Amino acid sequence: MEKSLQSKSSDKFKTIDQLTYEKIQQNSSTANTRANASIRNAKYKRKSGISFNLLNLQKPSSVGKKKSHLKLKRVIDTAIKNGLKHRGKQRENGRKKKKSRLKKRILRYRESEDKQRQRTNDFEDVLQQLTTLIISPKQSEITPKKSIHSSRFCDYCDNCTTAQLVQLTDQLLRELNHFQRRAYAIHELKARAHRRFVIGFREVQNFLRIKKIKLVLIATDCDPFAGQAGLNQSIASIKALCKDQQIPVAFALQRRQMAYALYKKALIGCVGIINYDGSQALFSQLLAALKEAQNAYQWLVQQANNGIKEIKEYQ
């Protein structure tokens, strides 16, 4: 009896009516069409919970790829950034700045010097071919200024360039430039009205006439240019005005060094200090070092004069 029941029950499970089979097929086809139906928004697409791909777990090979090194960037405050921007007139279409009369005369003087050097070189070549050479007595004389001064330390300088004086002037210019840039960043109009220093021979002369300058710094390697309204004349007038007003004049840095201290591209020949508040200690140290340098220069001139006297007595 049990065997017959088992067989009957198994036959029932295996045999399916045709109508029921067709219904099952229809239901499965509708389910597939719904799953594969195009949905506009990808967010609402049906995803199977069993989808799994081993290729997604595979790490990409790092062969032939360079590691990106992080670069540190300089963060500048907006106030300081605005202060470092270009100030003043901005010329369009790359027009060149108009040259001043003094600059034009200096350029002419340089051209004439170059021509003279070429002529002297040609003359020396001719003299070398000659067997005899006549030396004039004027050439044998030695002046003290020629023995002391050079192209980097011109004859208008009145003090020696000691290491302490150079260091103090550089520090003072950097500090005053920092104060002035900070003032420009905070309030530009007030900073223009109350400047710390001025640059250039013309500006220094104008502020000396108003009696607002406390110290004058002149470069030691300015191009000497004699003549009417020349560089020598402007330096002499500045020195005369400073002597009348009892203002110290220091010859410490070269033109390139002064431009480097003030973050300027062009060479700077003269700087006039108007206000040194905040750096009084540096200013007093600079004046003390300037006196020592002036004494050392006077001693050198005396030694050179004594040497010339000895040469003349020997002759």
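Even glycines carry a Cβ here, placed using N, Cα and C.
Taken verbatim from TrEMBL:
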{"type": "REGION", "residues": "81-104", "note": "region 'Disordered'"}
{"type": "COMPBIAS", "residues": "83-104", "note": "compositional bias 'Basic residues'"}
{"type": "DOMAIN", "residues": "190-282", "note": "domain 'Ribosomal protein eL8/eL30/eS12/Gadd45'"}
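Secondary structure of the domain 'Ribosomal protein eL8/eL30/eS12/Gadd45' (190-282) per DSSP, as helix, strand and coil residue counts: 39 helix, 13 strand, 41 coil. Averaged across the domain 'Ribosomal protein eL8/eL30/eS12/Gadd45' (190-282), pLDDT for the predicted model comes to 91.
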